[in-house]
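Quick look at what TrEMBL lists:
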{"type": "TRANSMEM", "residues": "178-198", "note": "transmembrane segment"}
{"type": "TRANSMEM", "residues": "210-228", "note": "transmembrane segment"}
{"type": "TRANSMEM", "residues": "240-260", "note": "transmembrane segment"}
{"type": "TRANSMEM", "residues": "310-334", "note": "transmembrane segment"}
{"type": "TRANSMEM", "residues": "346-365", "note": "transmembrane segment"}
{"type": "TRANSMEM", "residues": "371-391", "note": "transmembrane segment"}
{"type": "TRANSMEM", "residues": "403-422", "note": "transmembrane segment"}
{"type": "TRANSMEM", "residues": "461-487", "note": "transmembrane segment"}
Amino acid sequence: MTTKHTEVVSHDDDKPVIEQIDNINTELPPHPDLEDGNTNTKKKTANNQLDEAQEILARSGHVEYTQEDNKRVLRKIDIFVCIPMCIVYCIQQLDKGAVAQGAVFDLRESTGLKGSQYSWLNSIVYISQLVCQPLSSYALVVFPVKYWVMFNFISWSIVTICSAAAKSFAGLMVARLLLGAFEATILPSFVFITQMWWTRREQSYRTVAYQIANSLASLFGPLLAFGVGHVKSGIKPYQGIFICMGGLSLAMVPLVWYLLPNSPTTAKFLRKGDDRLIALERLKENQTGTKSSTWKRNQVWETYRDPKTYMWAAMYLCTATPSGGIGSFSGLILKGFNFDSFQTTLMHMPTGVIGILTLWIGIWFTNKFKARWIVILIITLAPIAGATAICRLPRDNTAGLMASFYIAYILAGIQPLLYSWANLNAAGTTKRVVTFSTMFVFQCAGNIIGPQVYFEREAPYYYTGLYVDIGCWSVLVLLIIAMRIYLAQLNKKQAAKRAAIGMPAELKDMSIMTIQEAEVYKNELTEHMKVNGLDQAKLYENAFDDMTDFE
């Protein structure tokens, strides 16, 4: 059975694209087993979790729901999906940052680290992530997301605790290598989960939510280290930090296990009434499906024919290099402003608050002015100014150096907003996974490079590292502008196609509208389609097919 329909695809942060698609197979797949207590079928195995959203809706028919129904279901999704994601993301950053907290409390001296060995303790995490990324990408497609995330969560928690036993460079390197291997899947998994559960309009806020949790780690990490640093129990402070943070991580496992579901089609918290149908119906406007467990080589090939893939990759390299360097050496930079270990730990805490405020303000301006690229660009200018000031100010100007350091830490808002921007420009399960895995590879590369340009011989000034960071941010500014121009050109090319099928030439991006604005615009769009003899349902006819944005 074939049909002809239109599909909404986002090629721009401001305007989605309508493409004409012919000869799409719309025959329903065989009925899969459901993991739901309301059915009499057995639970699915790990390898046959197909995207059954289209079949569920086809069997049940179109479901009408009110704004109150939508809010109720969304509230459940936020509790059972967003909250555990935030917990895991915060804990991951705490565990990964434990070595940086330990460095403030003389980890390097206690373990006999010399030269660039401390830099390698930070770089090895991302080398390991880089090597393990292909496995993580494949596992995201063929395994239930929840179980894959939980396996890695438990594993890196145990590794963090065991890191306390390492008393030499070799022992620490092994522990950090294993930590990176188990953490490799978390960011790609969360991008994937976000696209699976929330509409495009909602994704920005949820992405920011778990990135804010990342910033919370910068707030609570130093606080935990400050407390543990006072313990005199026969172990060294850095060992206590590893044990404390790893133990906290392991303690969160039961809560995350209870909350986190696999997918909208199997989540147990959606059993009541029409909640599951509403959750699936909401996702139609995304045109990206929920999940397919089939690895599609044609989507891999398409990913690497898409110029956007390489542009995003370059942007992440330029973002991650400074982030990796400053993230690893921020405590040592602060200690160089004439603070002792405990003072340094306390002075580091405001960086978490800065990250949170930057993200909230950034997303507010994005939705206020209906544009992402200009907000990201302006935020990128702040760390350029801050890092330049750190390099120029005299070392006895502690107040000026601190102010410059905090301004530079606005960098915490760049990466999450880039994720939000990139999220809107990929469809198809395999293509989404491969796209973000590629970006993650370049992010790892940046995090590997970042600590290596902070030379021990330059401590505590680290001028070479700061100059490299300034250069990366400057290139990022140019890339942001180039991406915006390219996306605008793509949208312009599609305007004629939209007009040819009766759609408005210029379409607005509902992902950065309020709910009320989106409803008004939907009504306007529906009326326009009626005038041109089009049925609005055609927009969503193949919403759950595993199709890419090109298709």
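Each residue, glycine too, has its Cβ placed from N, Cα and C.
Predicted automatically and left uncurated, TrEMBL annotations should be read as such.
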Original post:
In the same chain, who gets a Cβ under 8 Å from the transmembrane segment (461-487) while lying at least 6 residues past its ends?
Top reply: 11-13, 307-308, 311-312, 314-315, 317-319, 321-322, 325-326, 329, 332-333, 336, 373, 376-377, 380-381, 383-384, 387-388, 390-391, 395, 411, 414, 425, 446, 450, 453-455
**OP:** Return the stretch with the most CB pairs under 8 A relative to the transmembrane segment (310-334), choosing among 178-198, 346-365, 371-391, 403-422.
**Re:** 403-422
Original post:
Which residues, given as numbers and ranges, are at least 6 beyond the ends of the transmembrane segment (346-365) yet have a Cβ under 8 Å from it?
Top reply: 104, 204-205, 208, 211-212, 214-223, 226, 330-331, 334, 337, 339, 375-376, 379, 402, 406, 409-410, 412-413, 416-417, 420
Original post:
Is the transmembrane segment (371-391) packed against any residues at least 6 beyond its ends, judged by a Cβ distance under 8 Å, and which are they?
Top reply: 13-14, 322, 333, 358, 362, 365, 400-401, 403-411, 413-414, 417-418, 420-421, 463, 466-467, 469-470, 473-474, 476-477, 480-481, 483-484, 512
Original post:
Apart from its near flanks, which chain residues at least 6 from the ends of the transmembrane segment (240-260) lie with a Cβ under 8 angstroms of it?
Top reply: 79-81, 83-85, 87-88, 91, 94-95, 98, 101-102, 105, 146, 149-150, 153-154, 156-164, 221, 224-225, 228-229, 231, 233
